[in-house]
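Engineer: Below is the structure I would like to discuss, written out as structure tokens.
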């Protein structure tokens, strides 16, 4: 009797079917289950491990996106009304720039202990710490709304920047732990989407809530309203994370995750993982190119108010709207890129194309900023944002592919560390160039580094390790279903003759 005939008889036998189902978790309505029906040691191979997609995965990624939104909103809330906070706290422009750059600076020394903590304690602990720090920072800011309390508001911003260390590298980790191989890039894009939406709101809302008035008491009232709203949202999200956020699903979503779970904790070394990543040449190139691209975005966002006001005096609200346009276009780009990657798996080609278009968008934006037409700036800034901000999830997912089975939090953390370093350098340098030579020279400065990044992206070798692992596992399952030992199966276990074959 052939294996296929045996499996057919098994499916027709109700008692045997019930016995088979006892080996798997009963699915809930709306859950998708992937398993090997009737899998036993029939052909001498280890059966593929059961996997399952839980519908609650969408709730987890949306909750993460929400608290990421709340945190990223605060990154730009000072910079986009730079001139107003300068007047209220009686400080210079460079000091207010540090309210954004502190997010970048804090990330660099703390990312390594945080990724170690992620590997040791898991996603839930990281989520709790992130939301607690973010909540504390918002309430400290509420207490800082007096012209002589700039150090207090800076302390609040520092707490929020510390929370960001526990947030930025999580989208790819949550996507891998909770989502199937055909939706992992989309899930990562949704995770990044929250961060981008927060930046968009950070560009839009502060100029509306805090108008440029001369009366200090009235100005303090407007600033306190903004801080109270932020603190209320942060507190609600902290409570939701306490009661809703889960560490991981009971069963893994993919064979790649199932394999990763079988690695004993005592065999994992965080230091050894870092060293392996630093010896991975394609990943090192990606670290540099990701840092160049995202560093340019950080500099552009931090200095946007200064650039717009320089050419269009009194247009603080429109400066915020232009920033909003950049990020909203980027959010659309992120989702499109995530869906495209899930459909095509063309990681390098898509990354290179988006990187090149970011360069083109930056050149066009730089050339049109001084034309005197705000509607032109809206169009060119939106085009730039579509590609530059849309690049963020591409970098995360490409990194996971290049570094599997290393921790997604570690690879994402190294990418973000590079972005923060370049972000600080580019923000300071472009700010000084703008002060001495004007906005055009400052934007050309960014164009040069985007060109370098585009060239380096073309040199990255596309070694898609996670995709290969999923393909091998799928081929193994198909080999067992047919009772034959195909090449992919042979890579996983030694061939044996099935005892039931005639």
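Yeah, the Cβs are placed from backbone N, Cα and C, and that goes for glycine too.
Keep in mind that what you see is a predicted model, and the values were worked out from it rather than measured.
In case it helps, TrEMBL gives these features for our protein:
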type: COMPBIAS; residues: 11-29; note: compositional bias 'Basic and acidic residues'
type: DOMAIN; residues: 60-465; note: domain 'Major facilitator superfamily (MFS) profile'
type: REGION; residues: 1-47; note: region 'Disordered'
type: TRANSMEM; residues: 58-78; note: transmembrane segment
type: TRANSMEM; residues: 98-118; note: transmembrane segment
type: TRANSMEM; residues: 125-143; note: transmembrane segment
type: TRANSMEM; residues: 149-172; note: transmembrane segment
type: TRANSMEM; residues: 184-205; note: transmembrane segment
type: TRANSMEM; residues: 225-245; note: transmembrane segment
type: TRANSMEM; residues: 283-301; note: transmembrane segment
type: TRANSMEM; residues: 321-340; note: transmembrane segment
type: TRANSMEM; residues: 352-368; note: transmembrane segment
type: TRANSMEM; residues: 374-394; note: transmembrane segment
type: TRANSMEM; residues: 414-434; note: transmembrane segment
type: TRANSMEM; residues: 440-460; note: transmembrane segment
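Neighbours and distances for these, please.
Structural biologist: Under 8 Å from some Cβ of the transmembrane segment (58-78) lie the Cβ atoms of residues 85, 96, 99-100, 103, 127, 130-131, 134, 137-138, 157, 160-161, 163-164, 167, 170-171, 174-175, 178-179, 187, 190-191, 193-199, 201-203, 205-206, 226, 230, 233-234, 237-238, 240-241, 244-246, 301-302, 323, all in the same chain and six or more residues away from its ends.
Within the same chain, residues 75-76, 78-79, 85, 125-126, 154, 157-158, 160-162, 164-166, 168-169, 173, 270, 274, 298, 301-302, 407, 409-410, 413-414, 416-417, 419-421, 423-424, 427-428 sit at least 6 positions outside the transmembrane segment (98-118) and bring their C-beta atoms closer than 8 Å to a C-beta of that stretch.
Counting residues 6+ beyond its ends, the transmembrane segment (149-172) has Cβ neighbours under 8 Å at 64, 67-68, 71-72, 74-75, 78, 89-91, 95, 98-99, 102-103, 105-107, 110-111, 114-115, 118, 123, 126-127, 129-134, 136-141, 143, 187-192, 195, 393, 396-397, 399-400, 408-409, 411-413, 415-416 in the same chain.
Among residues of the same chain six or more beyond the transmembrane segment (184-205), those with a C-beta under 8 A of the stretch's C-beta atoms are 57, 61-62, 64-77, 80, 167-168, 170-172, 174-176, 178, 226, 254, 301, 304, 320-324, 326-328, 330-331, 334-335, 337-339, 341-342, 389, 392-393, 396-397.
Sequence-distant contacts of the transmembrane segment (225-245) (same chain, six or more residues past either end, CB-CB distance under 8 Å): 59-60, 63-64, 66-67, 70, 73-74, 77, 123-124, 127-128, 131-132, 134-135, 137-139, 141-142, 144-145, 205-206, 209-210.
Sequence-distant contacts of the transmembrane segment (321-340) (same chain, six or more residues past either end, CB-CB distance under 8 Å): 76, 80, 185-190, 192-193, 196-197, 199-204, 300-301, 304, 308, 346, 350, 354, 374, 377-378, 381-394, 397.
Within the chain carrying the transmembrane segment (352-368), a Cβ under 8 angstroms from the stretch's Cβ atoms is held by residues 289, 293, 296, 333, 337, 376-377, 380-381, 383-388, 390-391, 394, 440, 443-444, 446-447, 450-451, 453-454, 457-458, all 6 or more beyond its ends.
Cβ atoms under 8 Å from those of the transmembrane segment (414-434) belong to residues 93-94, 97, 100-101, 103-105, 107-108, 111, 168-169, 277, 283, 286-288, 290-292, 294-299, 302-303, 306-307, 310, 395-396, 399, 441-443, 445-446, 449 of the same chain, restricted to positions at least 6 beyond its ends.
Same-chain residues lying 6+ beyond the ends of the transmembrane segment (440-460) with a Cβ under 8 Å from its Cβ atoms: 282, 285-286, 288-289, 292-293, 295-296, 299-300, 303, 307, 348, 351-352, 355-356, 358-359, 362-363, 365-366, 369-370, 398, 402, 422, 426, 429-431, 433-434.
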Engineer: Averaged over the whole of the domain 'Major facilitator superfamily (MFS) profile' (60-465), what is the pLDDT?
Structural biologist: 87
Engineer: Do any residues, 6 or more residues outside the transmembrane segment (283-301), come within under 8 Å Cβ-to-Cβ of it, and if so which ones?
Structural biologist: 76, 79, 100, 104, 199, 203, 277, 323, 326, 355, 358, 362, 388-389, 391-392, 395, 398-399, 402-403, 411, 414-416, 418-423, 425-427, 430, 446, 449-450, 452-453, 456-457, 459-460
